[in-house]
Each structure stands twice: as C-alpha cells, then as structure tokens.
Amino acid sequence: MKKPDLHLLGPLVALIALVVLGALLNSAFLAPANITNVLARSAFIGIIAVGMTFVITAGGLDLSVGSMAAFLAGITIIAMNAALPEIGENWGTILIGMGVAILGGIIAGLVNGLLITQARIEPFIVTLGTMGIFRSLVTWLADGGTLSLEYGLRTLYRPVYYGGIGWITWPIIVFAIIAVLGEWTMRHSRFGRHVEAIGSNDRVARYSAIDVNRVKLLTYLLLGLLVGLATVLYVPRLGSASGSTGVLWELEAIAAVIIGGTALKGGRGRVWGTVIGVLILSLIDNILNLADLVSPYLNGAIQGVIIVLAVVLQREKRAADER
Amino acid sequence: MKRRSLMKATALIMSMGVASGAAFAQDDEKVVIGVSIPSATHGFMGGLNWHAQDTINRLGEQYPNIEFVLSTAGDAAKQVNDIEDMMATRNIDGLVVLPFESEPLTAPVAAVKDAGKFVTVVDRGLSQEGIEDLYVAGDNTAFGRVAGEYFRDNLEAGSKVVVLRGIPTTLDNERVEAFQAALEGSEVEILDMQHGNWNRDDAFTVMQDYLSKYPEIDAVWAADDDMAIGVLEAISAAGRDEEMWVIGGAGMKEIVQRIMDGDPQLPVNVTYPPALISSAIEMTALNFVSNAPMTGRFIIGSQLITPENAENFFYPDSPF
C-alpha cells in the first residue's frame with residue numbers, strides 16, 4: 001500500500017509549526033481574543049479562496065476578485081444608503097444590501113465566465129481587464145474618496161462581523177460552513193469531479209460528454225457568489241469602501257490555493273488545503289505584528305520565504321512519491 | 001477620460017466667457033497650464049484630486065485666457081508620458097506637477113524647464129535642486145513634531161504609546177523621526193511602530209494585534225485619518241474605548257466633525273492639507289496674469305486642529 005497522501009501534509013506541518021512558534025514568542029498569541037481576530041480576518045480571503053480553488057482546478061484563473069469585492073462593497077453601501085429613507089433603519093434595508101452584494105457577485109462572475117467560455121478569451125486577460133474596470137468603477141463611485149454607510153445602519157449591521165456565538169464570530173462560522181461545503185462538493189459531487197476532469201485534460205473531458213463550457217462558467221459564477229458573500233461580511237467591519245479596499249486580495253487568494261496543494265495548471269483541487277493556506281498567510285502577519293522579530297521593512301520578505309518554502313516542501317515530497 | 005471631460009468643461013467655460021461680451025478684449029494671448037497629479041488611490045489623494053478640479057474650474061471662470069490641462073497618473077511611468085504629451089500636443093506654458101516619485105520624474109520635468117516653461121513642483125521634491133521655479137509643499141517634519149508635542153504635553157510620565165506608520169517612504173521617515181524627536185527627554189514610551197500603509201484595513205489589523213500584545217496603551221499616533229478610522233474600529237471591537245485616545249492626521253472631514261463635537265477619543269488632529277494643490281495652481285496662474293513675483297519656496301505649515309478652531313478646517317463638499 002502506498003503511503004497515503006504524505007505530500008499533502010506539508011502545509012499542515014507548516015501551519016502547526018507557525019502555531020507553535022507564535023505560542024512560544026508571545027503568550028497573547030493563544031488568547032481567545034487573538035484567535036478570534038485571526039480567524040475572522042482570514043474569513044474574507046478564505047471564502048474567496050474556496051471559490052478560487054474551483055476556478056484554478058478547472059484550469060482557469062481570476063485576477064478580478066479583489067477589485068470585485070471593493071466594487072460590490074461600494075454598490076452595497078450605495079444601495080443601503082439609498083434604501084434608508086424608504087424602508088428605514090431596520091434589517092429590511094440590510095437584507096437589500098446583502099441581496100445587492102450577492103446578486104452583484106453572481107452577475108460579475110457571469111460576465112467573467114461568459115467572456116471566457118463564449119468569447120473564448122484567455123482567463124488571465126479577461127480578469128485582468130475586469131480587475132481594472134471594477135477598481136476604477138469603485139473609485140469613480142466614491143469620487144476618489146470613501147463611500148461610508150449611514151451611522152445608524154452601521155450600528156445595526158455591525159454584529160454581523162463582530163457578533164456571533166461566544167467568541168466564534170459570524171465570519172468564522174460562515175467560513176467554516178463554506179469550507180466544509182466546498183470540500184464535499186470537490187470530493188463527492190459530480191460537479192467537483194467534472195471540474196477536476198476538465199482541469200487535467202479538457203479535451204478528454206469534452207469527449208466524455210462533459211459540458212465543459214457550462215462547468216467552467218459555473219466555477220466563475222460560484223466564485224462571484226462567494227466574493228459577494230465575503231463582501232456581506234466585510235462591509236460591517238469598517239462600514240466603508242474606497243479605491244484601496246481589497247487591494248491584492250486576488251494574489252493572496254491565489255497564493256493560499258497554491259500553498260494548499262492545488263495545482264496552478266489545474267486538475268487537482270484541495271479545498272481543505274486552501275483553508276490551511278489562508279490560515280498560514282494570516283498567521284504570518286499576526287506573528288510578525290506580535291513579535292518584534294525583524295524590522296517591519298522585512299515583513300514582505302518573511303512572507304515570501306514562507307510561501308515559497310511551503311510549496312517547495314510539497315514539491316519534493318510529491319517528486320519522491322512519483323518515483 | 002478625466003482629461004477629456006475636463007477639456008469639455010473648460011471649453012464650455014471658454015465659450016461662456018466669449019459669449020459674455022468683450023470684457024476680456026485684452027486676452028489676445030492664451031496661456032495653457034498643465035497639471036499632473038497622482039490618481040485618487042487613497043483618501044488624501046482623493047481630496048487632492050477634488051481640490052485640483054475645484055480650483056481649475058474656479059480659475060477657468062475667473063481667467064478666461066488661461067486654459068488648464070489636468071491629467072492623473074496611477075504610476076510614475078504614466079506620469080512621465082502625460083507630461084511628454086502635454087509638451088508635444090498641448091504646448092503648455094506652465095506645469096504644476098506633484099511627482100509620483102522623485103527620481104523618475106526629475107529628468108522629464110527638467111526637460112520642461114529647459115524648454116523655457118514655468119515649473120511648479122508640489123509636495124514631493126525632485127532629486128535635483130534648482131529645477132523648479134516654484135516649490136509648494138506641506139511640512140512633514142512639522143507634521144510629526146506638532147503631533148509629538150501634543151503627546152509630550154498631554155500624557156503623564158510613564159504613559160505608553162503605539163505608532164502606525166505609512167507606506168515606507170522618505171516622507172514617512174521624516175514624520176516619524178520628528179515625532180520621536182519631539183518625545184525625546186519625556187517619560188512617554190513608544191511601545192511599537194508598524195506599517196499600516198495609510199490603509200484602513202491594514203491599520204485595523206495592526207491595531208488588533210497591538211491590542212492583543214499590549215495590556216496597557218494610553219494613546220495611539222495613527223498619523224493619518226484613514227488609518228485612524230481602522231484603529232478606532234479595532235479599539236471599539238476590543239471594548240477598550242475608555243483607555244486611550246487617537247491622533248490621526250491630514251484633516252479628513254469625518255474626523256474634523258468628531259473633533260468639533262468634542263469626542264474624547266479624538267481630542268485633536270494635525271493638518272496636512274490636500275488643498276495645497278490649490279495653492280500651487282493658483283500661484284502658477286497668478287504668475288501669468290499678474291506682476292506679483294511667484295518664484296521661490298512656499299511651505300504650508302502643519303497646524304493643530306482643536307475643538308475650538310475645527311470649523312475652519314471643515315470642508316463638507318470634499319470627498320476627504
């Protein structure tokens with residue numbers, strides 16, 4: 001019997017090592033408040049990265065998610081402020097905002113997906129284009145400044161980010177549910193198997209009577225929907241959106257997916273690995289802030305080294321397995 | 001896009017000027033002033049863009065013989081292209097430039113000067129001295145010093161302070177060094193200084209981690225009002241509102257509003273006005289329409305906004 005998935009343990013080992021390191025460096029690291037902070041912070045990128053896992057596994061890529069989140073946050077805030085005089089300061093207005101975010105996400109994902117599958121343009125180019133479009137739109141909507149949610153609505157909406165069951169806040173709960181659903185879909189559903197089949201060889205998948213375009217389109221739709229969901233959780237945190245919201249989220253999400261063991265060329269998806277990848281990325285930041293290990297100028301370098309190391313570890317073990 | 005709509009606006013104002021009669025008969029010669037600034041990527045630059053537009057619209061009405069060309073650039077390379085385009089196609093007589101970065105912009109701006117144009121450099125100096133006719137800037141050293149002096153005078157001995165820094169740049173270094181210098185000799189201790197990158201989300205994260213790390217914090221120098229918003233949110237989520245106050249900087253209208261209302265968490269603010277671009281454009285225009293000498297260096301001081309004088313710093317129409 002071959003050793004079960006040994007190469008997949010790489011990211012998990014890295015995560016455990018980081019947790020031990022953090023605990024040794026600062027006793028505040030394992031305090032519930034800090035754990036809540038780190039997990040809740042990871043939720044936005046995490047939810048997006050789960051969707052990104054499907055897109056990348058099917059051989060695609062989406063660079064527009066960070067700008068899309070900023071744009072969705074912008075239109076959500078505008079919609080809620082506009083609905084305020086009509087509906088009043090109640091959950092009705094907030095539900096409208098949530099609806100705008102989710103629906104907007106689905107439409108944005110649909111646009112990306114249709115351009116890629118119907119117009120047959122490379123995903124890199126399509127989403128590079130929409131990335132610029134969404135980013136400019138939010139800057140334009142905010143008139144170069146910041147869009148802010150009305151104060152009363154903010155107070156009402158705030159518990160969606162800060163509240164929850166005990167110290168487990170809503171973003172953590174939603175992230176956990178999405179991760180479990182994502183893992184199940186990838187492993188056990190027909191859609192998940194089709195995604196992997198298309199990513200490994202889309203011609204064979206086509207000959208096997210898989211509707212390749214439909215499945216690819218669905219991966220972008222799913223990602224758009226999840227970006228919308230992340231926005232629903234993001235808006236109550238600061239109650240504002242601007243041109244600098246969600247900058248580089250796309251790269252963090254892609255990095256998390258790759259650290260987690262999903263192949264960038266497609267064909268092999270690991271949703272639980274993605275979750276670990278997201279946690280690794282947020283923990284590095286957290287530990288660097290908690291401990292004065294290096295000059296803050298070098299934070300980016302430390303992150304880079306750990307990302308590359310996590311992937312190198314996997315690579316070597318994978319090569320050993322294939323031998 | 002921005003440039004085209006602005007040209008339309010100026011063209012409209014022009015035609016209005018012509019229609020309103022021959023009052024400006026002496027305007028035989030047209031003057032074109034190019035304005036090149038970074039695009040609105042964060043709050044401060046958004047405010048600066050707004051003030052630039054506002055000033056150009058106002059001056060366009062006031063002086064129908066002056067035409068303005070505004071361009072905004074997302075990076076230094078695009079800004080160089082913009083300036084070259086202004087020289088080649090718009091035949092500008094004067095240039096107001098806020099360099100994205102000092103080094104890459106030095107040679108192109110020097111070329112404009114060599115062509116005999118009037119050059120105004122705003123806020124970030126060029127890497128070579130003596131190119132510009134007029135230099136208009138905020139005072140980064142004073143920005144740090146004024147804040148530092150407030151901390152020194154209003155904290156008891158043994159108080160603990162955390163600092164959020166901006167994007168690593170010389171500008172940020174000048175501010176932080178002046179802040180530290182102002183605190184020197186006092187009993188106030190700086191616990192930590194990390195980069196919040198003048199960004200709300202980053203500042204929120206850094207502040208959350210400060211709060212986990214330090215059981216006692218008496219005051220926060222957020223050094224920027226966007227960062228102050230993130231910091232305040234993190235403090236309130238941790239339920240430690242009563243424990244510390246926060247000083248931002250630059251005079252964002254929401255923050256100034258709260259200072260006017262006497263919020264104990266935001267006692268004061270330090271200005272670094274985005275409207276400094278208005279001073280630069282106005283002085284450049286005056287160079288062409290008046291005999292007032294407009295060359296030299298014009299440094300805009302950083303002032304302390306207090307509840308008493310906050311009204312003077314409140315611009316409800318600006319996006320910042």
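Cβ atoms are placed via backbone N, Cα and C, with glycine included.
Between the stretches A:14-34, A:161-181, TrEMBL puts its transmembrane segment entry on A:161-181.
Only sequence-distant pairs (6 or more apart) were considered; of these, fewer than three Cβ pairs between the transmembrane segment (A:247-264) and the transmembrane segment (A:161-181) are under 8 A, so the stretches are not in contact. Scored on C-beta pairs under 8 angstroms, the neighbour of the transmembrane segment (A:43-61) with the top count among A:68-85, A:123-141, A:161-181, A:271-288, A:294-313 is A:271-288. Residues 44, 48, 92-94, 96-98, 100-101, 104-105, 108, 130-131, 134-135, 137-138, 141-142, 147-150, 152-153, 224, 227-228, 230-232, 234-235, 239-243, 245-247, 249 of the same chain sit 6 or more residues outside the transmembrane segment (A:68-85) yet have a Cβ under 8 Å from a Cβ within it. Taking Cβ pairs closer than 8 Å, the transmembrane segment (A:217-235) reaches residues 43-45, 47-48, 50-52, 54-55, 57-58, 60, 62, 65, 68-69, 72-73, 76-77, 97-98, 101-110, 112-114, 116-117, 149, 157, 160-161, 170-171, 174, 178, 191, 195, 241, 245-246 in its own chain, all 6 or more past its ends. If you look at the transmembrane segment (A:271-288), the same-chain residues 6 or more away from its ends with a CB under 8 A from one of its CBs are 8, 11-12, 14-15, 18-19, 21-22, 25, 29, 34, 37-39, 41-42, 45-46, 49-50, 52-53, 179, 182-183, 185-186, 252, 255-262, 294, 296, 299, 302-303, 306-307, 310.
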